[in-house]
Amino acid sequence: MNCSISGEVPEDPVVSKKSGLLFEKRLIERHISDYGKCPITGEPLTADDIIPVKTGKIVKPRPVQAASIPGMLGMFQIEWDGLMLSNFALEQQLHTARQELSHALYQHDAACRVIARLKKERDEARGLLAQAERQIPMAATTAVGTTAVSNGKRVAEDEDMGPDGKKIRPGISLSVIETLTECNAGLSQQRKKRQIPATLAPVDAVARYTQLNSFPLHKTNKPGILSLDIHYAKDIIATGGVDSNAVVFDRPSGQIISTLSGHSKRVTSVKFAAEGELVVSGSADKTVRVWQSSENGNYDCRHVLKDHTAEVQAVTVHATNNYFVTASLDSTWCFYDLASGLCLTQVADASESEGYTSAAFHPDGLILGTGTSGSLVKIWDVKSQANVAKFDGHVGSVTAISFSENGYFLATAAHDGVKLWDLRKLKNFKTFAPYDENTPTQSVEFDHSGSYLALGGSDIRVYQVASVKAEWNSIKTFPDLSGTGKATCLKFGPDAAYIAVGSMDRNLRIFGLPGEDQMED
């Protein structure tokens, strides 16, 4: 007997008292609870109207297909076919999902590229805007000629061009020459009365100098400090690096005051001017920038000067703090007014084709010394811009020039070492060749009193300054702790109390006498 609802043999059979039909108990109870009537006759039916039927254990009969081996094989084949069809459908869905995911990832990648490009354009626009804001002149420019200055750059359309295609410069006026002459007379008079300060570090103290500090001022991806300058009154240091930045650093506190960003290539020279309120930087990007200190301590770009057509290798500031000179590999040097950023004259030596690699003003300010890539040292009369002397004998580019405070000695560094020149007799009286032929001398510097001379190459060496005929004794040799073998720049601190050294790693190193006031790294 079969269930009237399922058509199968019931496991728990019950019978309806009203219709006498047989049902599976769980099925009829579910139907009664849902509809309250008999599913066959449609008569009202309740749970009390069904009576359980007592039977023995019911064994379900086998399906007809399972009664023989061929039938079972047929069932298995049907199940296998269903499984394969289901698997095929799943594979189709997986393939479709993979295609959709790949398309979504491609769209995501394209969107990321677009976003990155837009961010880069946004950052460049912000940088240009900030640069333009910094370059707006902070002071009214001097009314010299009709040349206009805008955002630190002279307006090209307002510049007069000569028949040879070169810009016409206003020249060094009589009033400027008068200022330079007065400065020269005052400084010369002071020099005659000059005495070595009592606070100058003695020789035995310099001999005990050791590295006190090492400050990582520049970026690690482009290491190298190419130039430095010290403002003695404030005891702050400016450095120029391969990373295209200049850094103003407070030595006593060991803190960076400002990072001067704007050049697009390495900064080859930095100088303080105007009591440390201004910094002048020259760069391999062919430009010179004048930075001015602001109230918040940062230095903002005041002028961008584009008068050179090749790398600017040197910057030197005149003793008046009103003028400065730049020297470039384009074989010219320019004389600038510091306040306006106006190039008063651009001097080229028609007889030579070598570019200038170094430059320095004489302490009195009327003489300019320049070094060339052709191993020559040239001395210029600033008032007439005439080349009044040439010193030869070096091998390789003249990498550094330094005048002694006594006004008589000139030290020049090149690949073959350091040469000392007597400006009174215009001749070389001493040569230091501390390194082998494969190691150039990168820097040379007199201290501010003219008592010591330091040179840098694969190490740093300090000599005691003597007379022309006397022996210049070696006081101390410092190893190059950067590991690069290139001490690219150095300078004595106030009263030679320390020596600041830059090399081809990113660290500024301070050598001095260990004491109670020594700073900690």
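Backbone N, Cα and C define each Cβ position, glycine as well.
As the structure is a computational prediction, the values presented were derived from the model and not from experiment.
Sequence annotations record features per position, and here TrEMBL assigns domain 'U-box' to 1-70.
Across the repeat 'WD' (260-292), the model assigns an average pLDDT of 93. According to TrEMBL, the feature repeat 'WD' maps to 260-292 (among others).
Annotation comment: TrEMBL describes 305-346 (among others) as repeat 'WD'.
According to TrEMBL, the repeat 'WD' annotation covers 349-390 (among others). Here the repeat 'WD' (349-390) is broken down by DSSP into helix, strand and coil counts: 0 helix, 22 strand, 20 coil.
Secondary structure of the repeat 'WD' (391-431) per DSSP, as helix, strand and coil residue counts: 0 helix, 22 strand, 19 coil. Residues annotated as repeat 'WD' in TrEMBL: 391-431 (among others).
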* To do: Could you break down the residues of the repeat 'WD' (260-292) into DSSP helix, strand and coil, giving a count for each?
  => 0 helix, 20 strand, 13 coil
* **Other parts of the chain folded back onto the repeat 'WD' (349-390), taken as Cβ under 8 Å at six or more residues beyond its ends** => 172, 177, 180-181, 183-184, 187-188, 191, 310-311, 313-320, 325-333, 335, 396-405, 407, 410, 412, 414, 421, 423, 426
